[in-house]
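As written in Swiss-Prot, here are the features:
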| type | residues | note |
| --- | --- | --- |
| BINDING | G207, E208, P209, G210, V211, G212, K213, T214 | ATP 1 binding site |
| BINDING | G605, P606, T607, G608, V609, G610, K611, T612 | ATP 2 binding site |
| COILED | 392-524 | coiled coil |
| DOMAIN | 3-147 | domain 'Clp R' |
| REGION | 6-71 | region 'Repeat 1' |
| REGION | 83-147 | region 'Repeat 2' |
| REGION | 160-341 | region 'NBD1' |
| REGION | 342-545 | region 'Linker' |
| REGION | 555-765 | region 'NBD2' |
| REGION | 766-874 | region 'C-terminal' |
Amino acid sequence: MNIEKYTERVRGFIQSAQTFALSSGNQQFTPEHILKVLIDDDEGLAASLVERAGGRVGDVRMGLQSALEKLPKVSGGNDQLYLSQPLAKVFSLAEELASKAGDSFVTVERLLTALAMEKSAKTSEILSAAGVTPTALNRVINDMRKGRTADSASAESNYDALKKYARDLTEDARAGKLDPVIGRDEEIRRTIQVLSRRTKNNPVLIGEPGVGKTAIAEGLALRIVNGDVPESLKDKQLMALDMGALIAGAKYRGEFEERLKAVLSEVQTAAGQIILFIDEMHTLVGAGKTDGAMDASNLLKPALARGELHCVGATTLEEYRKYVEKDAALARRFQPVFVDEPTVEDTISILRGLKEKYEQHHKVRVSDSALVAAATLSNRYITDRFLPDKAIDLVDEAASRLRMHVDSKPEELDEIDRRIMQLKIEREALKVETDAASKDRLQRIEKELSDLEEESAELTAKWQAEKQKLGLAADLKRQLEEARNALAIAQRNGEFQKAGELAYGTIPQLEKQLADAESQENKGSLLEETVTPDHVAQVISRWTGIPVDRMLEGEREKLLRMEDEIGKRVVGQGEAVQAISKAVRRARAGLQDPNRPIGSFIFLGPTGVGKTELTKALASFLFQDDTAMVRIDMSEFMEKHSVSRLIGAPPGYVGYEEGGVLTEAVRRRPYQVILFDEIEKAHPDVFNVLLQVLDDGRLTDGQGRTVDFRNTVIIMTSNLGAEYLVNLGENDDVETVRDDVMGVVRASFRPEFLNRVDEIILFHRLRREDMGAIVDIQMQRLQYLLSDRKITLQLEDDAREWLANKGYDPAYGARPLKRVIQKEVQDPLAERILLGDILDGSLVKITAGSDRLNFRPISGAFSAAEPEREDEKA
């Protein structure tokens, strides 16, 4: 016996059999030990051969059990194992059989045949008793081998290669496991057209991720099964190659190539009956490539060129360009079929086709309006992915979310159960009390508990009944789906009696039962049963960060009160607030180009008048969040080269992988206000980047990705022309100096930049009467800082006037007021809090003195008998 002549699998089995013999206490190594490990193998090649040869694996196991128990056992001896005479003959016969068949190595099936043929071995009797004959085994082996010989030590891994390394899509289609494919007729027709060619009949589906390339292959499988293909493709098998399984576990050099050759050999032997589908086709290029080895694509090329291999590939545009086009010899063997993203209307049709599958899986209903919302909202708000994939994901997640709520206890019932638990704890505590009040309270608790437990039982029964009803509807849908699949199979097989029973008996009956189950509407139902546009919008909100009420709240009321809302934060700039509100209303009413940003504005005015504050207020109004804003200080972009910081460095430069400040912020959160502060400080070339943002709502970053700006509000602030606005009289209209200001602006910015901005808004200097309102806003912010300490500030009218007068400076706007409040209010307050004069929870009255403010705590450690000290500290 030469162990080198045996395959790795057989060597492994011999080793396992020896270990098994020793652990069983046997000193003789017999054929029974070998058969035992062969039959118990996880991959089951021997067991599969026995079954295919007409044998009974269970009988083989029972016979082996009996034979092994009869073998002599030795305990406490040495670990010496002796080869029995029958086993030596089995090995010799196996080598002889392999040699006759032209094999270079002894394989599992040759060893199994030898175990069945060698009369001196007990295994021959066991296999014979189980119905296995050497003749039947040889027939099955020849069927499996398909004329191939075992030329390598890993020969067994190449048997039934297609079954191991590919998935039969046509079989899945027959079993009804594939989702229906709606539309895409043109692409499927083009694919069939290429497949019907004589040579180079290999289409490759090229399109963006998520547009439905794999679905087209599944659509082709469904058409083949339904016979909806030309004669040349009738009864073909479409097999999806699993590159992961093909590469996994290929440890030794040349093993991967062997597996792939085995797959190709099976496809070629099928004489054109098998079409291979390779998803992510770019993985072929370089797959299995090691020193001196060929990669998968080179192994495929000859068969592809001769037309022996029918192949459908699928890959994305990016990967096709990066991997396949570089290999011109591979690219020319494939015929590209471009798959475009479907329109919103097509996506709605696709969702309607898939609706039943998702309803059946999640056991909830999906309304048609939810499908329309999923298609339209995903198209509008999820810009970095493609239809129909993103819309399908939305429906899937919305249904999953609803199902989670259905399975959880309803809020109403949960509150009652928590109250019952609370009352039970209180009842146990009161039972030990003897006073009259406690007894009276105990009686009231018993009464309330009785009522609540009754209500809880009713609600629980109602909840369970509703869940059961939902489950019944889902069960009927599943039965209906199975009946439809059975009808399709019966029609294909020509079983017309069965088809008639299903079509005119079972299916109409199930449809009626389902309609009855769904028509029973529950008034005041505890459970939501249907996915609505609201659920879809909530998922969008989770994905993108847009508050859901921004889309679903009646926006008319919200937009009509926009001036009032923003006016609470921005004082004295009525014209600016009105102008920006009108622009946003125009955009929301759909009267503005949807391919441009929501609005783009330049705010011009002196310092401290509220330009940046208006931007923050706008972000808070539109997105309910002050931080939904990217602030870019243009003073940092004074050099020409600094533009790369906005959009990312070009290839070959340091920082290429990092992306740009502007583009990355908008890619991560596409819905926000973008503030370019002090734009006149930036280099003029920086504005060239903004031209396409303002015009088309898009910008290409350093890595070639298109970033969508259609849902942003772009605001630029500047001090240009501020001298004209500062010198304006308190009651003068800003429009009187607009021409002068615009003259300065035009001298600084190019016409094509200014021409793309929606509106240039002028801010006038703050008036004296505006200062009181600004004092209140600033004091509210200070009050917020003190809220942790529960200290309340009460600012008297005289103190407000005092602060407004002291902080008013027409040239510098509201900023001097902030400094005055810091010096006259915050500093004394901080000192008093640290001294312990003002305690947590105090009310502090602030009044005006002659040259300072006075602080009087109403409650706390500060003594009313020490007014002199209070004034000193002020």
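For all residues, glycine too, the Cβ spot is worked out from N, Cα and C.
Neighbour counts were taken at the CB atom with a 10 A radius for the binding-site residues G207, P209, G210, G605, G610; the maximum falls on G605.
Note: K611 (ATP 2 binding site) has non-local neighbours F603, G605, T717, F763, i.e. same-chain residues 6+ apart with C-beta under 8 A of its own C-beta. Minimal Cβ crowding within 10 Å, among the binding-site residues G212, P606, G608, is found at G608. Sorted by the number of other CB atoms within 10 A, the binding-site residues T214, T612 start with T214, the lowest. When the Cα atoms are compared, G207 (ATP 1 binding site) and G610 (ATP 2 binding site) turn out to be 49 Å apart. Mean pLDDT across the region 'NBD1' (160-341) comes to 81 in this model. Taking the binding-site residues V211, V609 in turn and counting surrounding C-beta atoms within 10 angstroms, the largest count is reached at V609. Listed in sequence order, the residues of the same chain lying 6 or more apart from K213 (ATP 1 binding site) and placing their CB within less than 8 Å of its CB are L205, I206, G207, D279, A314, T315, V339. Sequence-distant neighbours of E208 (ATP 1 binding site): residues of the same chain at least 6 apart with a C-beta under 8 Å from its C-beta are T316, L317, E341, F386. When the alpha carbons of T214 (ATP 1 binding site) and T607 (ATP 2 binding site) are compared, the span between them is 59 angstrom. Between the C-alpha atoms of T607 (ATP 2 binding site) and V211 (ATP 1 binding site), the distance comes to 51 Å.
Under DSSP, G210 (ATP 1 binding site) is assigned to coil, being neither helix nor strand in the three-state scheme.
Using a 10 Å Cα-Cα cut-off around P209 (ATP 1 binding site), the binding-site residues G608, V609, G610, T612 reduce to an empty set. Around the Cβ of T607 (ATP 2 binding site), the number of neighbouring Cβ atoms within 10 Å comes to 16.
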